[in-house]
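A.B. asks: After the structure tokens below, expect a handful of questions from me.
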Amino acid sequence: MEGITRCLNKLDRTLSQRLVAPTSKRNLLLWIEYGVNGYLWVIGSSLALVCSVSGRWNQETQHQLVMLNTGLLLDLIFVCILKLTIQRPRPDYNVNDQKFEAPIADQYSFPSGHSSRAAMLATLSAAFFPKYRIAAALMAVLVAISRVAMGRHYLSDALGGLLLGCIEGVALLALPRGFSRWVRRILH
């Protein structure tokens, strides 16, 4: 079993290093990184939720914002716990220029938080806006590829993040509507 694990780890490292993009593409990849940054999403979605409840937006929009905020917070918690538990170092070739990072957890690589967040967002988007489900799924895959292309993560980190995000999204969608009503009552 140890031989298989070692072989898979070597394959993961080799494939990941081959997928690293040239430095000329780094600025584009940084914009993708910023677009799925956890802090920005939490701040923006929290403000939107408060406005929706106090501004009497329709209940469906409020429900979607409760699910979004719950998902973002759970994603940050799960990713942090997994990173601190597994403690897989980032690739040696990672350029340490990440902005808005969580200093303790973000020194580790598995799972990719950007990938998990993108997959969770894509899962929710597919349910709330079915017309855009393909675009949402493609965006999640693009984010995962960008994490490997930047050298921030190994391929398995990005795939693990995608899987985690999909599980989070499905779990959120399984929550009863009463949860959303309860959160809105607290905020009102």
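Glycine is no exception: its Cβ is also placed from the backbone N, Cα and C atoms.
Automated prediction, rather than curation, is the source of TrEMBL annotations.
Below are the features I grabbed from TrEMBL:
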TRANSMEM  28-53  transmembrane segment
DOMAIN    63-173  domain 'Phosphatidic acid phosphatase type 2/haloperoxidase'
TRANSMEM  65-86  transmembrane segment
TRANSMEM  132-150  transmembrane segment
TRANSMEM  162-179  transmembrane segment
A.B. asks: With the transmembrane segment (132-150) as the reference, find which of 28-53, 65-86, 162-179 contributes the most Cβ pairs under 8 Å.
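C.D. replies: Ranking 28-53, 65-86, 162-179 by Cβ pairs under 8 Å to the transmembrane segment (132-150) puts 28-53 first.
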A.B. asks: State the non-local partners of the transmembrane segment (28-53) in its own chain: residues 6+ outside its ends, Cβ under 8 Å from one of its Cβ atoms.
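C.D. replies: Long-range Cβ neighbours of the transmembrane segment (28-53): 21, 61-62, 65-66, 68-69, 72-73, 75-76, 97-100, 102, 113-114, 117-118, 121, 142-143, 146-147, 149-150, 152, 184, 187-188.
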A.B. asks: Going by DSSP assignments with H, G and I as helix and E and B as strand, what are the residue counts for the domain 'Phosphatidic acid phosphatase type 2/haloperoxidase' (63-173)?
C.D. replies: 82 helix, 2 strand, 27 coil
A.B. asks: Mean pLDDT over the domain 'Phosphatidic acid phosphatase type 2/haloperoxidase' (63-173): what is the value?
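C.D. replies: Looking only at the domain 'Phosphatidic acid phosphatase type 2/haloperoxidase' (63-173), pLDDT averages out to 90.
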